[in-house]
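Record features (Swiss-Prot):
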type	residues	note
SIGNAL	1-27	signal peptide
REGION	28-72	region 'Required for nearly all of the bactericidal activities'
ACT_SITE	HIS42	active site, proton acceptor
MOD_RES	TYR60	3'-nitrotyrosine
ACT_SITE	HIS155	active site, proton donor
Amino acid sequence: MVPKLFTSQICLLLLLGLMGVEGSLHARPPQFTRAQWFAIQHISLNPPRCTIAMRVINNYRWRCKNQNTFLRTTFANVVNVCGNQSIRCLHNRTLNNCHRSRFRVPLLHCDLINPGAQNISNCRYADRPGRRFYVVACDNRDPQDSPRYPVVPVHLDTTI
């Protein structure tokens with residue numbers, strides 16, 4: 001009985017440790033609000049090629065992000081989408097704070113093509129431009145955000 005309990009406790013600790021690592025890979029850097037991090041990751045009127053554009057994000061994350069989408073629009077335009085009817089988020093069905101854009105926007109989707117890269121300076125991406133609708137999760141602004149926008153985008157849920 002004791003060895004089983006001990007083994008179970010070790011398995012639980014390993015599982016919790018892995019969940020913590022996975023969570024930290026998706027966490028925003030602490031110096032940014034959720035809206036600021038959203039803007040860094042997903043807003044660019046004229047993004048350069050993906051390999052260059054992703055360097056900024058990867059430098060904060062200390063690893064190669066598997067994929068990312070840059071919306072070629074302004075932060076203010078995405079904030080306006082937050083005023084659209086609330087819908088259930090498509091990727092996280094437990095959230096009801098998502099909003100779908102009414103218009104397609106130009107975008108650039110980046111896919112990591114060398115997932116085994118050991119150094120973030122070696123991350124390479126394939127560029128996939130497109131024009132799609134998008135769904136964003138929105139929340140009340142953080143105190144550090146500009147009071148100009150009471151509700152701000154905090155997560156790009158999907159593109160359609």
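Quick reminder: no glycine exception, Cβ is built from N, Cα and C everywhere.
Feature map: annotations from Swiss-Prot on the structure.
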residue : record                       : DSSP (3 states)
HIS42   : active site, proton acceptor : helix
TYR60   : 3'-nitrotyrosine             : helix
HIS155  : active site, proton donor    : strand
HIS155 (active site, proton donor) and HIS42 (active site, proton acceptor), Cα-Cα, nearest whole angstrom: 9
Outside the region 'Required for nearly all of the bactericidal activities' (28-72), six or more residues from its ends: residues with CB under 8 Å to it: 78, 105-112, 114-115, 117, 120-127, 134, 136, 139, 141-142, 144-145, 149, 152-156, 159
Secondary structure composition of the region 'Required for nearly all of the bactericidal activities' (28-72) [DSSP: H/G/I, E/B, coil]: 21 helix, 6 strand, 18 coil
Other CB atoms, at most 10 A from the CB of TYR60 (3'-nitrotyrosine): 15
Packing count at HIS42 (active site, proton acceptor) (other Cβ atoms within 10 Å of its Cβ): 21
Rounded Cα separation (Å) that holds between TYR60 (3'-nitrotyrosine) and HIS155 (active site, proton donor): 17
